[in-house]
Every structure is written in structure tokens, then in C-alpha cells.
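Please read the structure below before turning to the comments.
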Ligand SMILES: Nc1nc(=O)c2c([nH]1)NC[C@@H]1CN(c3ccc(C(=O)N[C@@H](CCC(=O)O)C(=O)O)cc3)C=[N+]21
């Protein structure tokens, strides 16, 4: 029997709690505010950004939604970031990735003040995370740790295997699991014997960006399988990196796509915004 982890339900519960915290902040004359910058017309990015501004509205976070044309220059974005870094009424700044090719993503990420970096992507925040003294946590890995908490999954001493080594998911996920005392293996496109390594995992986090890549052959009976993928299959249907039908029944726990990790990412983004706003009180 596989427990399907419900990201819609858990994210809703978290957002209800955040709404109370937002109300308390407003009683103290702080309106939690998040700037979301979207450059270009990528349809998937538009959906994600809309989900973020909608969640902010539900909670009572002021979302400042900035849409810029594909032709926007790097200097224009850097100017905008500098403006909001200096604006005390703004607690969080997020620039949606990926950015158009003529813009250097690293320069943009590093321009955002680490104290307003709700994504946790700034090298200073990555460093704090790596040293187990985090200031801001990357939202997707953080949301996955919240799943473990909710379903009483103790990762201490467990074999955790992360498939994928991106800066936004794989690497910070490995750091969080290590900080929680798991034994962590990071695998990637050059890994030999991936299937054999994955089958040893008690906790398997899949973030490779290849639709329905991981089937039951990669999964140990009873393992916890977390699917970070967001892909469209040939029929245009949204699918994860895990072949859900194949793994369902073999895994002990499994996240679906949609309604798994995606909504948790957004909930953690909102939580980080509230936390930065609360910090502004001190
Ligand atoms: N600076 C930055 N921060 C991010 O956090 C960030 C980013 N850039 N770039 C892209 C990725 C991806 N991401 C998602 C967020 C929500 C869903 C989400 O809401 N998914 C829904 C379904 C959405 C749909 O229907 O397409 C679900 O899984 O149920 C998905 C993906 C945030 N990212």
C-alpha cells in the first residue's frame, strides 16, 4: 500500500496559519510584501507566477507583480532589484527563472539582498545552508522536508538518494537532508549504475527533468519517493519525473504531479516572505 502525499491539503493548512501571522503583522502596521518579477512570455512561468500571486492574495501578502518584455536588458532588471533592495516596505524579491538567454541569471540572483532572497538562491544563503545555519531556505527542498514532518518520516540515518544536482533543487535538497542526519547520495546524468543506487534508497528524491523516467525498477519496496518533475508528455498532460502508475503500490509514500511538491513550493515561498516581514519588527 502506498500513501499518496497530498501537497494541496498540506499547503492549504500551512497557508491558513500564514494568514493569521499576516494579520498579526498588519496589526503592527507591517504589510508583508513580495515583489515577483517575470521577464518574457513563457507559458509555464506565467502559470507558476499566477499561482504565487494568488497564494499571496489568499494569505494577505501584498504581491507586487512586475511583468517585463522579453527584450528587457540585464541593467534594467538590476536597477529594479536595487530599488526594491532599498525599499523598506518590501520584504521579499523573487525573479522567476529561467530568464531570457541574454540575461546572466547568476548576476541577477547575486544582486538580490540575501535578507530579501525568498528563493534562498543567493550564494550567501546557499553557504549558510551548507553550513547548517540557514537564513532562507530554497522553497522546493524546504517543502519536501515539510512533507516528511507532516507524514512523520524520520530521515535520521536513512539512505537518501537525490537524482539531479541543480542549484535550485538537487544541491540544496542534499544539504537539507544531510543537515537532518540522513546519509546522502547525489546522483546525476553521469552517474554509473543509477538504477542500482536508487534501489538502495529509503528516501528517493527525483529532480532530473525527464518525464516519467523513474519506474518501479528504481524503487525499493516501501521507499519514500518524492517527484519534483514538471513535464508535459506527448498527449500534453502534466507528468512528473516518476512513472506514477508503475511506482504506486511499490513505494511506501509517493508524491503526485500535480498537487504534490508544486503547491508546497509556493507555500514555503509565502512562509519565507512572512518570516522576513516578522524579522523586520526586531
Ligand atoms: N525564482 C524562481 N523561484 C521558483 O520557485 C521557481 C522558479 N524561479 N522557476 C520555476 C520553478 C518551478 N516552480 C513551480 C512552482 C509551482 C508549481 C505549481 O504550482 N504546480 C502545480 C501545477 C501547475 C500547473 O498546472 O502547471 C502542481 O504541481 O500542482 C510548479 C512549479 C517554481 N519555480
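These residue numbers are counts, starting from 1, taken along the chain as shown.
Positions of Cβ are set from backbone N, Cα and C atoms, glycine also.
Annotation comment: TrEMBL describes 5-119 as domain 'Tetrahydrofolate dehydrogenase/cyclohydrolase catalytic'. Look at TrEMBL and you will find 138-279 tagged as domain 'Tetrahydrofolate dehydrogenase/cyclohydrolase NAD(P)-binding'. The feature NADP(+) binding site is assigned by TrEMBL to 164, 165, 166.
Surrounding the centroid of the Cβ atoms of 164, 165, 166, where the record places NADP(+), the chain contributes additional residues within 8 Å, namely 162, 163, 167, 169, 170, 171, 186, 188, 207, 208.
The Cβ of residue 164 (NADP(+) binding site) has 23 neighbouring Cβ atoms from other residues within 10 Å, across all protein chains displayed. Cβ-based crowding with a 10 Å cutoff singles out 165 as the top-ranked of the binding-site residues 165, 166. Secondary structure of the domain 'Tetrahydrofolate dehydrogenase/cyclohydrolase NAD(P)-binding' (138-279), assigned with DSSP and counted as helix (H, G, I), strand (E, B) and coil, comes to 53 helix, 26 strand, 63 coil. DSSP assignment over the domain 'Tetrahydrofolate dehydrogenase/cyclohydrolase catalytic' (5-119) gives 57 helix, 19 strand, 39 coil.
Here the domain 'Tetrahydrofolate dehydrogenase/cyclohydrolase catalytic' (5-119) returns a mean pLDDT of 97 for the predicted model.
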